[in-house]
Amino acid sequence: MVANMQANERQQEQQVRVSDPALSHPRELSLAEQERRSTHKWRIIAYTLALIVVASAPYGFGRSLAMNQTDRILSITSHITAQGMALLGWSITVIMLLILAMAVLESRHVLWRILFLLALAAEQFIGGIALLRLNFWTATFVIYGKESLGVNALNMGIIAAGAALAVFAVVYVGMLVLIKKDSKINILTRSWSAMTLFFLIEILALLVAIFGGLPMLMQ
């Protein structure tokens with residue numbers, strides 16, 4: 001009896017497949033749908049190319065200014081304290097990261113993607129001026145000499161913001177893995193809690209850079 005029921009079910013499935021035109025004859029995409037797909041593909045390609053340009057050109061321009069317009073840059077940075085330069089680098093980087101998060105969350109809105117390109121360009125530009133790299137103090141001393149404290153502080157602010165993002169990512173992913181969904185402390189994994197945690201870690205990183213990193217550079 002069971003075998004007969006299974007045979008009947010198979011026959012019914014075959015009849016549905018034969019009678020259903022959507023299964024036997026897949027629907028062809030309309031011209032409008034094909035154009036939308038093609039346009040979407042070209043938008044992705046164009047944005048990727050723009051991202052590559054923005055990630056490299058502003059840094060190169062800033063680096064060129066550092067090497068060829070050193071006195072002009074020093075005339076500007078000399079009016080800002082080292083703590084202020086660190087805050088500037090940190091602020092621009094944090095704003096860029098926040099805009100990136102909004103561009104990911106609100107992927108349908110083009111505005112956030114455009115703002116991210118502008119913020120990334122600004123971050124790369126100041127990184128080029130500060131000759132950003134892991135051992136930045138050697139490069140800045142060669143270019144700026146004894147007046148390199150300001151650009152070193154700028155580097156400290158940028159690196160502090162990036163390091164804080166890495167710490168936040170590890171902590172947040174750890175909470176997602178370890179905290180049960182029915183736990184009372186699962187509230188820590190919500191979006192507003194994650195944003196609060198992000199800012200706390202970023203502010204802590206800035207304080208470490210100002211009160212820990214800068215005194216070391218001043219020695």
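Each Cβ is built from the backbone N, Cα and C atoms, and glycine gets one as well.
Here is what TrEMBL records for this protein:
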| type | residues | note |
| --- | --- | --- |
| REGION | 1-24 | region 'Disordered' |
| COMPBIAS | 1-17 | compositional bias 'Polar residues' |
| TRANSMEM | 44-62 | transmembrane segment |
| TRANSMEM | 82-105 | transmembrane segment |
| TRANSMEM | 114-136 | transmembrane segment |
| TRANSMEM | 156-179 | transmembrane segment |
| TRANSMEM | 191-214 | transmembrane segment |
Paired segments the transmembrane segment (82-105) and the transmembrane segment (114-136) in contact, 3+ CB pairs under 8 A: yes
For the transmembrane segment (191-214): best-contacting stretch of 44-62, 114-136, 156-179, by Cβ pairs under 8 Å: 156-179
Contacting positions for the transmembrane segment (44-62) when only residues 6+ beyond its ends and CB under 8 Å are counted: 113, 117, 120-122, 124-130, 132
